[in-house]
Every structure is written in C-alpha cells, then in structure tokens.
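Some notes on the structure that comes next.
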Amino acid sequence: MVKICCIGAGYVGGPTMAVIALKCPDVEVVVVDISEARIAGWNSERLPIYEPGLDDVVKQCRGRNLFFSTDVNRYVGEADIVFVSVNTPTKTRGLGAGKAADLTYWESAARMIADVSRSDKIVVEKSTVPVKTAEAIEKILAHNGRGVRYQILSNPEFLAEGTAVQDLFCPDRVLIGGRETPEGQAAVKALKDVYARWVPEDRIITTNLWSAELSKLAANAFLAQRISSVNAISALCEATGADVTEVAYSIGKDKRIGPRFLSASVGFGGSCFQKDILNLVYICECYALPEVAEYWRQVIGINDYQKSRFVNRVVSSMFNTVAGKKVAVLGFAFKKDTGDTRETPAIDVCRGLLGDKAVLSIYDPQVTEEQVRRDLAMNKFDWDHPRHLQPVGETAGQQVLGVAPDAYEAARDAHAVCILTEWDEFRSLDYTRMYDAMQKPAFVFDGRNIVDPEKLREIGFIVYSIGKPLDHWLRDTPAVA
C-alpha cells in the first residue's frame, strides 16, 4: 500500500486528500496538523471548513483509508509521498515586507521531514510558493538527510472555493513539475499514477519544477487581471450611462476572450489573488523587471480603488455621512458557497463605513460573529498565519452593532443595505418586507449586481448597482465623499 501524508489540514490539504482517498481506496492517506482543534474538527460531524459535497466525501473514507491526526512525526516518517500544504503568508516585516512570501512554515516543515525520515521520500509542494522554492527545500533536505534521498515535486492546486470538490473530481488540468533527471522523472510518474486513477491522462501536464511553480502565480494573476479590467470598465460605465453587464456580455461573446471572470463587483478576495500577485511583483523586482512588476501591481491598485469607490458612493449618497446610521451588510465571505473570509472585500468596506462612524449589522449564512470580529480586528496579512499566532487587539469590530441571524433582522431600522457576497438567497429575498422595516429614504448598494434595480426602485428603494446606469438620486451626488 502506498502511504501518503499531507502536512496541513486547511482549505487545500483537507479536500485534496479526501478526494485522493476516495478515488484510491488502496492508498492510505493521513492528514496531519499541529492544531488539535482543527484535527478534532476533521474527525467530527461538523468539518472545520464549508465546501459543497465535502461532507459526503470525508464520511465515505474517514476511518477506512483517510485519517486525520496530530501525530505529525509518525505519519510523515512512514509516508512514501509527503504533500506540504502549509501557510505561505505575505511578509509583514523585513526584506520584501508587504510583497514577498514568508516561507517560515515551509522551512520548518522541510526540517521536520528531514528529522523524522528514515526512508526515501517524494516531497510535493502543494502550497503556492515563489519560483525556485524547490531549490531551497532541496538544499535543506540534502544537508539534513542523513542518507535519505528526496525528490521535490511541484503540484500546485487550481481549486475554486465553492466548487473545490467538483474541481478535484473533474479538474481542467493537474500540473506536476519535477527535476529533469531519471530520479526526478520517476517521482513525477509516481505522483502521476495516483492522479491517473480518475483524471484522464491528457489532463495531467508534466513540466520542469520552475514552470510548475510559476504557472500557479501566473494563473491567479491572469484571473485577477480580468476582474480588475471589468471593474475598471464599470467605473467608466457609471460615468457614461453604459451598463457593465451588457458590455461584459458583448465582450465575452468574443471566443478569444470568453465570458468567465467578467462580472463587475465590489472587488476580488480570497486567499490567493492578492497574495500571489504581490509575490509575483516582488519576484519581478528581484529579477530587475520593474516595468513588469508595476504592470501587475496595478491589478491590485484597481481592486483597492473599487472597494474605496464603493464606500465613497455609500457615504456620498446618504447626505455625505453615515455617522450613527445603521447599515445592513449582506454577505461577509469573499464569494458564495464558502465560509472563507480571507481578503474578502467586505473587510475593507466595513472598515471604511466604521471609519465614518456607521453602525453595522452583518449577516452571512456561513460566517460566524466570532470570525467577523476577528477579521475586523486583524492587521493586514495576519489572517494567513495559524490561528493561535494571529494577533488580535482593540478593534473597530467592537463598534459593530451585531451579526444578525437573517437578512431581515439585519435590515430592520437600517438606512441602507450593502450586498457584498452573491449568496443565492439574497436574490430571492422579500425586498418589500425589507423596505417596510427600514428608515426612509431606504438605499440598496449592490456590490455584486444580483438584484434587479428597476424592481427595487418600484418598491421605493434608491438603488446603486456597480457599473449600471445611475439612479436619478445618485446622479446629483458626487462619486467621492
């Protein structure tokens, strides 16, 4: 029996290993983590992350050939293939602060692997890492290996939260990068044989190590670039009276462009896009490519602009102040069908409104009040450290009126509703009921373009939808408070 161990029981490690266990019943798969609470969650009836379909996969395999444990040394030592899926946060101090990836956890994992290994191993980079990380890991393992031989592979994940299980079942591609040596190619084949149990061979791409490492950063940069591009156009649409939805539909009909990732919104979020682009910017600077670095930096610049533009629109529309006014925030996760709040645009929007002394009532079907308050308390980039290492001090989050049990309670007596996540339930709310319970004039600021502005205007709302022709009320107010 092949034995696989994954270090890190997070959003990538847990689902990926669960699907490998399901598709390869003769392979023993163990997910290890130093967090007792996280492992207890994976062994419970309520998993520590929400992902459609994941519960069923875990329950089918857990206790059979899928195990979750805090005994890191034992299972790493016994494994033939070790996946490393640990945090690679953006550095907050020192060389490259604010851009470079902090590889502290990766280096610790590599040193631990070297300490406990007594047999040859394939070590697989599953975390998103800078180009040439494999070279550094090879050096650590080689100098501490005591005769044990290692092959390093890069196998980046391309999962989209909310569809991660389906993405694992039917991936667009599986990318495996390895050394172009006989030993390296043998390691590539060993990992390829695991995926080939359910992934068609023409979807398993093999490259050298550096191409695989860079492909992940480049893929996320390209996706984020599309979002920032359409968001930039959304600002122009509002200024000219064009409709960004119609423009995006027209653009997407061009087969060279396609329709994906062309939905204007309050901004992109998630654990990867901003972090990976900042990493890409830093790498470009290190290789003396300042023009390339600046090009990618602007993708983040537009994203920040879009969030601040949304806050400005809210404040300027409501008589240039939201001080003391209740604002309902519908959605806090960075996208629907996930409870993940990492880099969610809702954080910056809420902080902007709190900065103007608004009173917030937040509702999200998958995000707890504890998580909302932690996120509003945290410094930038702290979210990507293990929970027990996340510093949380005095926070604007304490000013939040509360986290409501449903959308109607959030909106009761509110002056405005801000839709920040595209949850399906927000499309079918009884907005007449909501309007009747709100202060007047009642505003809806749709940051995801999921409601019909004209229907809401018939109810009586003043409506702002990103990139759509402006409400008569809003035409007379400045875009910047």
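Yeah, the Cβs are placed from backbone N, Cα and C, and that goes for glycine too.
These numbers come from a predicted model, not from an experiment.
What TrEMBL records for this protein:
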- Cys272: active site, nucleophile (ACT_SITE)
- 8-13, Asp33, Arg38, 86-90, 127-128, Glu161, 272-275, Arg342: NAD(+) binding site (BINDING)
- 328-453: domain 'UDP-glucose/GDP-mannose dehydrogenase C-terminal' (DOMAIN)
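Distribution of TrEMBL features across the structure.
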residue: Gly8; record: NAD(+) binding site; contacts (Cβ under 8 Å, 6+ apart): Val31, Asp33, Phe83, Val84, Ser85, Val86, Asn87, Lys126, Ser127
residue: Tyr11; record: NAD(+) binding site; contacts (Cβ under 8 Å, 6+ apart): Ile49, Glu51, Leu159, Glu161, Ala164, Ser271, Asp340
residue: Cys272; record: active site, nucleophile; contacts (Cβ under 8 Å, 6+ apart): Thr128, Asn220
residue: Gln274; record: NAD(+) binding site; contacts (Cβ under 8 Å, 6+ apart): Ala224, Phe268, Ile300, Asn303, Glu343
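Each residue in the domain 'UDP-glucose/GDP-mannose dehydrogenase C-terminal' (328-453) gets a DSSP state, and the totals come to 45 helix, 18 strand, 63 coil. Counting Cβ atoms from all protein chains shown, Asn87 (NAD(+) binding site) has 19 others lying within 10 Å of its own Cβ. Mean model confidence for the domain 'UDP-glucose/GDP-mannose dehydrogenase C-terminal' (328-453) is a pLDDT of 88. For Thr90 (NAD(+) binding site), the Cβ neighbour count at a 10 Å cut-off comes to 21, with all displayed protein chains included. Around the Cβ of Asp33 (NAD(+) binding site), a 10 Å sphere holds 25 further Cβ atoms from the protein chains shown.
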